[in-house]
């Protein structure tokens with residue numbers, strides 16, 4: 001969607017304290033491009049060609065975009081968009097973008113025209129950030145047109161546009177096909193009935209006001225704390241520790257994402273390589289970088305440039321340490337959760353880290369959740385503590401206990417800077433479209449169907465063969481099975497059914513002492529095992545168990561098989577059964593997603609509909625109703 005903005009960029013929503021966006025962020029008008037302002041800066045335009053290994057009709061685009069868009073329709077579904085002053089663009093999906101001429105502003109960060117390729121992730125479960133027009137920030141504007149595109153497009157076509165963008169398909173193949181297996185996310189990346197229909201191969205979509213999308217509007221009262229935190233990151237002599245606290249749907253993840261995008265762009269522009277950025281992802285229910293139901297410590301990479309909400313599918317981070325929490329909320333096993341969080345923070349301390357770290361927490365701020373927050377504050381020792389307040393959460397946040405000063409191995413006593421900012425719910429109109437449980441299922445499916453870093457195959461797992469792993473005494477495979485505390489007294493006859501069709505955590509044991517296990521119906525049940533002696537590897541999905549041969553059939557994410565292969569041959573394997581939800585669409589796929597061999601006879605099952613007058617006769621028990629008495 002190309003629209004004309006009524007305000008100069010960057011644009012903020014002036015919110016009066018409510019959690020809704022202003023009208024200007026929800027009402028989009030698609031208009032023909034206006035004539036550039038006479039006050040626009042005069043720039044000298046150089047033309048620079050370069051080779052591009054990525055691979056003029058409009059294909060039915062609306063007439064109101066003809067002057068702005070040139071659609072090539074090549075193998076990458078390339079589209080060139082020209083923007084004039086005060087115009088902006090809305091796109092959904094996963095796509096790559098190059099600023100060919102001028103510049104753009106995205107989430108209040110400026111990006112100049114260059115050869116750099118930006119990868120954008122815009123799911124419709126989130127508010128869609130706008131790609132705003134901007135001029136080239138420099139002395140001499142340059143036209144970075146790939147040579148293979150220059151043969152098809154004349155310079156005169158975009159001469160009147162101060163900003164030109166090249167939008168083309170993502171290099172992630174198969175990701176948008178998750179809806180074929182899990183229908184709830186069929187329209188996660190694209191509108192159900194797009195106003196501007198493009199080729200089916202496109203991984204992005206132009207958005208229109210009729211698509212009922214919500215624009216990401218950054219409120220004005222967020223701009224000041226964002227700018228202050230950026231200056232603290234840029235000018236800090238020691239490490240900077242930023243912690244954001246708030247209730248559910250208060251905008252914690254969005255606020256941290258805005259900070260990250262600003263910090264990473266600053267690191268790319270910096271002449272030194274000493275600045276580092278790490279992210280403590282402690283929200284197992286809605287993680288930004290962790291595996292499903294896990295918490296982790298991650299190093300953020302400045303390249304490749306990944307913008308937006310990637311739903312844990314991005315490649316701009318490196319996981320330093322990760323623990324499987326086993327559920328979407330810390331309230332299920334708070335002690336285990338805190339132990340894992342402490343180990344992540346201890347690992348950060350051991351690195352003598354001088355850069356900037358950010359910490360994301362779940363929105364549990366009531367009852368025992370407040371004790372968890374107080375514990376992590378004392379452990380993490382933030383330099384900056386930001387509260388995102390609402391009318392309901394303000395009284396809970398007043399119960400926080402914040403020490404007056406902290407001290408670490410890198411610096412002596414320092415006082416944390418505490419800032420209270422009104423929360424801003426950015427996705428309130430979209431809450432009925434995608435629920436958190438649906439997004440969690442999508443992330444689990446994406447994990448088990450991820451072939452390589454960029455390739456996905458959402459064919460049902462039943463069409464592929466699982467790994468066969470032995471278990472039990474005298475076997476070289478799984479040495480121990482761990483259940484949650486409330487299932488320690490599980491009936492031995494129920495262990496098999498409690499494991500089949502469930503998601504498990506796969507660990508290796510590194511303790512010096514031998515594992516303390518108890519054999520129950522051939523299953524080696526762990527009696528005690530400290531978390532410090534377990535190394536989390538990945539998640540698995542148990543297909544079935546053969547108790548006679550003591551073999552488990554387990555699906556492992558294809559992208560993680562190399563991690564398993566790197567483990568030593570004498571590694572002692574442990575699996576942990578917890579409360580992660582199973583994606584049943586993999587085990588019970590719809591008939592249209594899987595075809596059976598005609599030679600396979602499945603008893604008592606049919607995928608054919610009965611004829612109109614065909615009925616199934618069922619024998620009913622005589623319950624001695626009045627009409628069922630036999631006459632004599």
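Each residue, glycine too, has its Cβ placed from N, Cα and C.
Among the features that Swiss-Prot reports, ATP binding site is placed at 246, 247, 248, 249, 250, 251, 252, 253, with the record citing a curator's inference. In the structure as shown, the Cβ atom of residue 249 (ATP binding site) sits within 10 Å of 18 other Cβ atoms.
Taken from Swiss-Prot, the feature compositional bias 'Polar residues' covers 26-42.
Per Swiss-Prot, region 'Disordered' is recorded for 1-42.
For the binding-site residues listed here (250, 253), the lowest count of other CB atoms within 10 A around the CB belongs to 253. Note on residue 246 (ATP binding site): other Cβ atoms within 10 Å of its Cβ, all shown chains, come to 23. Counting neighbouring Cβ atoms within 10 Å of each of the binding-site residues (248, 252), the lowest count belongs to 248.
In the three-state DSSP scheme, residue 246 (ATP binding site) is classed as strand. Here the binding-site residues are 247, 251, and the one ringed by the most other CB atoms within 10 angstroms is 251.
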